[in-house]
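Undergrad: One structure is given below, represented as structure tokens, and several questions about it will come after.
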Amino acid sequence: MGARASILSGGKLDDWEKIRLRPGGKKKYRIKHLVWASRELDRFALNPGLLESAKGCQQILVQLQPALQTGTQEIKSLYNTVATLYCVHQRIEIKDTMEALEKIEEIQNKNKQQAQKAETDKKDNSQVSQNYPIVQNLQGQPVHQALSPRTLNAWVKVIEEKAFSPEVIPMFSALSEGATPQDLNTMLNTIGGHQAAMQMLKDTINEEAAEWDRVHPVHAGPIAPGQVREPRGSDIAGTTSTLQEQIGWMTGNPPIPVGEIYKRWIILGLNKIVRMYSPVSILDIRQGPKEPFRDYVDRFFKALRAEQATQDVKNWMTDTLLVQNANPDCKTILKALGSGATLEEMMTACQGVGGPGHKARVLAEAMSQVTNTNIMMQRGNFRDHKRIVKCFNCGKQGHIAKNCRAPRKKGCWKCGKEGHQMKDCTERQANFLGKIWPSSKGRPGNFLQSRPEPTAPPAESLGLGEEIPSPKQEPKDKELYPLTSLKSLFGSDPLSQ
């Protein structure tokens, strides 16, 4: 404990023990607080020996300050103790821990202002920008460094592989950083094919150059000695200006960024070319029934990059069309998320939609709903449907004959005759010809009602015995079919007479 307590001695220790832990409190700092701080530093893998000097305390404060917002109470207490100890080392008069924290904050703000001022002075004293490809030689003069073959090869490879896809524009912007108009023309001249696109690009550059000449007219009078002439539209395009003039405009005071201006014109023309090479409109991007939502979002934003619209319009397209053109499964999920959902939430919610697992789950839910609906409908039908019964005794509805209170009817309930019951009633309903349907106990109506007569000659013709009189068929037929004569329906037949 003696080694840990030897951090302060003499007058500094007396000053330490006069400082209160809290404003207006009775408790004051003691040697045990130094011992505790030393152990905590050891626990946090920090050197406890840093507490012996003001510089060491400052280093500890720098290490602990980022953890104050998310740290535990022990870290905050350790920071307060080290801040108070720093004030004791610096002989700063304080009464409590709160004053020590305020002093530390003042010192940190002062150091930050000094650092910002030094950085500002450094920028003011700095030389002209040395961005590639304009660099300074040993004499401090700006000179041009040509584009490397590797850069040109990368640009040509992008055009060959991607043609004029939307990603060509950011690639061109990255490869042409700080380039002069001459460098930009070199990049455009390396494109062998796509001459129709190159002609469209030239037309756009000529239009922008004419607009530049209209907005920036030439001043009358001679040019003052030591001054550089103002660039025209053709100068910016690199057709009527030399490389030295371009460097002079870009490094002058004030500088005229002819390279950046020409670069904007080229990007404007590339946007038109990309729009031509991407004939698919953003309105035609729709999600397929089995297409994953992630692939649909990729196609959507690729087409959105090719759209020539402001950022506000593109934001509206993203908020509206992305949900509107999704398939029904994803659209149901996206509408449930609401209009304030982020793209990350949309992709997380629609993850797996369209796959076999999702299809099986949706089908199971649909079948469950249909089954429940049918069960409810069946229950409802059985509940609401009431069978209407009719009494055979009195003929009224609502009860059966067994429970009928009316006097019991004698005889058959169907024909009214006595001597038999309704189940044994032989009354049958006649058909449209007036024929009574045969009984169900007999032969069906489509069967012959009598046996057919044999066509063999009588026995007497064969000399086998006495003549057997054949039964008379006509009276029997009349008995079976008494009302089947056509005369009763259509009158006498003149042909039969």
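Every residue, even glycine, has its Cβ placed from backbone N, Cα and C.
Positions annotated as N-myristoyl glycine by Swiss-Prot: G2. The phosphoserine feature in Swiss-Prot is assigned to S148. Residues annotated as region 'Interaction with Gp41' in Swiss-Prot, with similarity to another entry given as evidence: 7-31. Summarising the annotation, Swiss-Prot assigns region 'Interaction with host CALM1' to 8-43 and lists similarity to another entry as the type of evidence. Marked as region 'Interaction with membrane phosphatidylinositol 4,5-bisphosphate' by Swiss-Prot: 73-77. Taken from Swiss-Prot, the feature region 'PPIA/CYPA-binding loop' covers 217-225. Annotation comment: Swiss-Prot describes 436-497 as region 'Disordered'. The feature motif 'Nuclear export signal' is assigned by Swiss-Prot to 16-22. Residues or ranges marked as motif 'Nuclear localization signal' in Swiss-Prot (evidence: similarity to another entry): 26-32. Residues or ranges marked as motif 'PTAP/PSAP motif' by Swiss-Prot: 454-457. The motif 'LYPX(n)L motif' feature in Swiss-Prot is assigned to 480-489.
How about a rundown of where these features are and what they're close to?
TA: DSSP gives S148 (phosphoserine) a coil state; it is part of no helix or strand. In this chain, none of the residues that are 6 or more apart from S148 (phosphoserine) has a CB less than 8 Å from its CB.
With a threshold of 8 Å between CB atoms, the same-chain residues lying at least 6 positions outside the region 'Interaction with Gp41' (7-31) that come near it are 38, 51-52, 81, 84-85, 88-89, 91, 94-100.
In the predicted model, the region 'Interaction with host CALM1' (8-43) has a mean pLDDT of 86.
Across the range of the motif 'Nuclear localization signal' (26-32), the DSSP-based residue counts are 2 helix, 1 strand, 4 coil.
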Undergrad: Which residues, given as numbers and ranges, are at least 6 beyond the ends of the region 'Interaction with membrane phosphatidylinositol 4,5-bisphosphate' (73-77) yet have a Cβ under 8 Å from it?
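TA: For the region 'Interaction with membrane phosphatidylinositol 4,5-bisphosphate' (73-77), the list is 40, 64, 67.
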Undergrad: Counting by DSSP, what is the helix, strand and coil composition of the region 'Interaction with membrane phosphatidylinositol 4,5-bisphosphate' (73-77)?
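TA: Split by secondary structure, the region 'Interaction with membrane phosphatidylinositol 4,5-bisphosphate' (73-77) comes out as 5 helix, 0 strand, 0 coil.
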